[in-house]
């Protein structure tokens, strides 16, 4: 069976991405990162999601990039703001995060002799992060072609972003068609230890908007009624 490494955070998009990988018949290897994020409950969710989808193997790689600061998701001196629209790159952007994550996933994929890496990046209904754009995925694909044994031998590892052109509503509809239970997921940047969401950060607002537009009941549990 063909193998794939799937990056999972515990959130809505990456969980949908894992469901897509399963639907394609991949033998799935799930990879998460403990990078010093404040919303640590997403990793608790990710572990449960990996077990729910019966992945072949689930790994959590610990990184110390949070010590460098520079993002409201990792730096205790910076507050996660309420939703502010997508006019500029927000303070919740973690510098080079997807590049770091994909690089480690690429190494694991080589070790596993996997055909693909799947990431839940989307350039629609997103927070404006530069490493969630189609041109970024294309650039990393070029890197994978040039910098791996498989790539040099003509069997490059494919970098797949199946949600890249989907709105949040379209992603949710896709996930529901594949049987995803979104009540298991944690998307909030300010989620508490129980995984309850704040309802007001970028991620929460985009998630609420997605369920509303998809006309599907939002199963998210919030700290206070929103």
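Every residue gets a Cβ built from N, Cα and C, even glycine.
So that you can see what the record holds, here are the features copied from Swiss-Prot:
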BINDING   8, 9, 10, 11, 12, 13, 14, 15, 16, 17, 18  ATP binding site
BINDING   188, 198, 201, 204  Zn(2+) binding site
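A map of Swiss-Prot features onto the structure.
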residue: 8; record: ATP binding site; Cβ within 10 Å: 31
residue: 10; record: ATP binding site; Cβ within 10 Å: 25
residue: 12; record: ATP binding site; Cβ within 10 Å: 26
residue: 14; record: ATP binding site; Cβ within 10 Å: 25
residue: 16; record: ATP binding site; Cβ within 10 Å: 26
residue: 18; record: ATP binding site; Cβ within 10 Å: 28
residue: 188; record: Zn(2+) binding site; Cβ within 10 Å: 27
residue: 198; record: Zn(2+) binding site; Cβ within 10 Å: 20
residue: 201; record: Zn(2+) binding site; Cβ within 10 Å: 26
residue: 204; record: Zn(2+) binding site; Cβ within 10 Å: 22
Distance [Cα-Cα, Å, rounded] between residue 201 (Zn(2+) binding site) and residue 12 (ATP binding site): 15
Pairwise Cα distance for residue 204 (Zn(2+) binding site)/residue 12 (ATP binding site) [Å, integer]: 11
Rounded Cα separation (Å) that holds between residue 16 (ATP binding site) and residue 188 (Zn(2+) binding site): 16
